[in-house]
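Undergrad: Grabbed the feature section from Swiss-Prot, which reads as follows:
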| type | residues | note |
| --- | --- | --- |
| BINDING | 37, 38, 39, 40, 41, 42, 43, 44 | ATP binding site |
| DOMAIN | 5-235 | domain 'ABC transporter' |
């Protein structure tokens, strides 16, 4: 298979500070990949290297089988790559039509083609005469996407394009953009620090930490079977407990819990997601006391201190509960574990 993008052993430093170390991954044509990580992990630098705005210190980058960095250099304007920045980077004194037309060859800057591009991103062609300051944040991002689509790129790079939008607008704009790119069958890479955004937007997720790719997989794999505790805690709320693993079971503060088969034995740490811990009122399973409640609308996060034997340090776990059943600090509850935990060597 010829990959749409291949990154192999890429390093990058600035002023003696190492930003990327041995980054390697490949992206299939027509797929969507999200690179997620905390601020400063190197994800935007990686995107800029792919776009051709920076040169790697080591390693190679290939687009559709052609090396464009390392062992040769192809400048950004000669790569078939679209790029949408965090703020959209529209020209403030130009109309929407002029902004979109900037991505087109001069002879192709016709009203009909600009209208077609605006319609692709669910904007009415009448928006062509407006200026960026007359648009909402979500509309500005869609104009930036239309401008990038005008070049008919083989690869689209999105650098945290939704982060400046409020929650409701962000979700709606994200859905529109994902739909546009899917219909156009354009290979897409999204960089974000927003974990739910990465999991919902892409078919594959790459978790970046301290300049390295910690794990690449489907959203379900990344969330359900993270490669280590740090990745588990970064990608979502996690309950991590000390345990002893033997014969597919982990003995921990939650009792004997089934664990996924991954070769871990003996003293270990186990991870569960809060939704895997069920609160009961029938006394089944372990028992504990509610110590705090975080109300989140359709769900709540409960902090529960587990009952322990004499001389043992009480463990506190976080439980996600859906529905409107009211619980308050001091309430006594039972706890039951659903599914399997993931075990990690100490």
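Glycine residues also receive a Cβ, built from the backbone N, Cα and C atoms like all the rest.
I would like each feature placed in context: is it buried or exposed, what are its neighbours, and how far apart are things?
TA: Around the Cβ of residue 44 (ATP binding site), the number of neighbouring Cβ atoms within 10 Å comes to 19.
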Undergrad: Using a Cβ-Cβ cut-off under 8 angstroms and a sequence gap of six or more, which residues of the chain neighbour residue 39 (ATP binding site)?
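TA: Residue 39 (ATP binding site) has long-range Cβ partners 193.
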Undergrad: For residue 38 (ATP binding site), list the number of other Cβ atoms lying within 10 Å of its Cβ atom.
TA: 11
Undergrad: Other than 37, 38, 39, 40, 41, 42, 43, 44, which residues of the chain come within 8 Å of the ATP site, judged by Cβ distance to the Cβ centroid of those residues?
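TA: So the extra residues in range turn out to be 193, 208.
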Undergrad: So of 37, 40, 42, which of the binding-site residues has the fewest other Cβ atoms within 10 Å around its own Cβ?
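TA: 40, out of the binding-site residues 37, 40, 42, has the fewest neighbouring Cβ atoms within 10 Å.
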Undergrad: Just jot down the residues in the same chain as residue 43 (ATP binding site), at least 6 apart in sequence, with C-beta under 8 A of its C-beta; none if empty.
TA: 35, 36, 37, 191, 193, 208
